[in-house]
Amino acid sequence: MALRRAARVILVGAPGVGKGTQSERLLQRFPQLSSISSGDLLRYNVKQRTPLGIKVESVMKSGGLVSDDIILRLISNELSQRGWLNSTHPAGNVLTLASSALSAEGAQPFHDDAEVAAFLSSPAQARGFIQSQLSDDPAHSFLLDGFPRTAIQARRLDEIIPINLVVSLKTPVDVILERISGRWVHEPSGRVYNTTFNAPKVPGVDDITGEPLVRRADDDEKVYLARYKKFQETAEPLLEHYARQGVLWEVEGMSSDEITPKLIREFERRFVE
């Protein structure tokens, strides 16, 4: 189905609520949508040994957290390299941090740690985080995955990207616990199975490769409840931030199959009709 307006969307939900499932279904339903994952951008830059990737890798190996500035730069440059974000700043401010599918011709990469440090300490204006105009072309629609996770990050994101729909996915925690207790994963591919629905053809074995499936360490009930509590602490102010902007929409269901039709209808109402 063709979109008539650009969709800039974030899905928010507790671990195990089915954000990945809903993202996949939206991408299938609306071919103009793209998925932009901050995690994928980080992994690409680390794998390609870009100057920023090397910096990120050193931070992660030391047990530190990747700064919001770095994530924002990754996202803004991804959009710029796709031609979706038009900055009023000189082209020289665009740095080479885009995904492998994109060229960075004419862009200027970091050459050493000193340049990275100078960039991170510079004002937001100099980093190109403001005075940018996002394309309204429906073909430039995207789901942003992995960022923001806090209200502080959301306010920083507002400087470059006017998100126009934030979906809060809700499923009772006891239902999620039951769901994750039957979850098995094929680690090399990321394929996920569940013994109560979408079970593998042969128990404990991946349908495609025949390789063994494993349980995720964080699918333990105690581990999950700790993650859920942390999610609630950060999600509440995040959702309040977007509610004040008038872009928050909440949907509840006992399963992904119950939520999907509601989500599709709302998506069509906002971006198709």
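Just so you know, glycine gets a Cβ as well, placed from its N, Cα and C.
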As TrEMBL has it, region 'NMPbind' corresponds, among 37-66, 97-126, to residues 37-66
Other Cβ atoms within 10 Å is the metric here; tell me which of the binding-site residues G18, G64 scores highest.
G18
Can you give the largest Cα to Cα distance in Å, as a whole number, for the residues S38, R43, G64, L65, V66, G146, F147, P148, R149, Q153, R216, R227 that bind AMP in the record?
28
Y193 (GTP binding site) and F147 (AMP binding site), distance between Cα atoms, whole Å:
26
Using DSSP, what's the helix, strand and coil tally for the domain 'Adenylate kinase active site lid' (183-218)?
2 helix, 12 strand, 22 coil
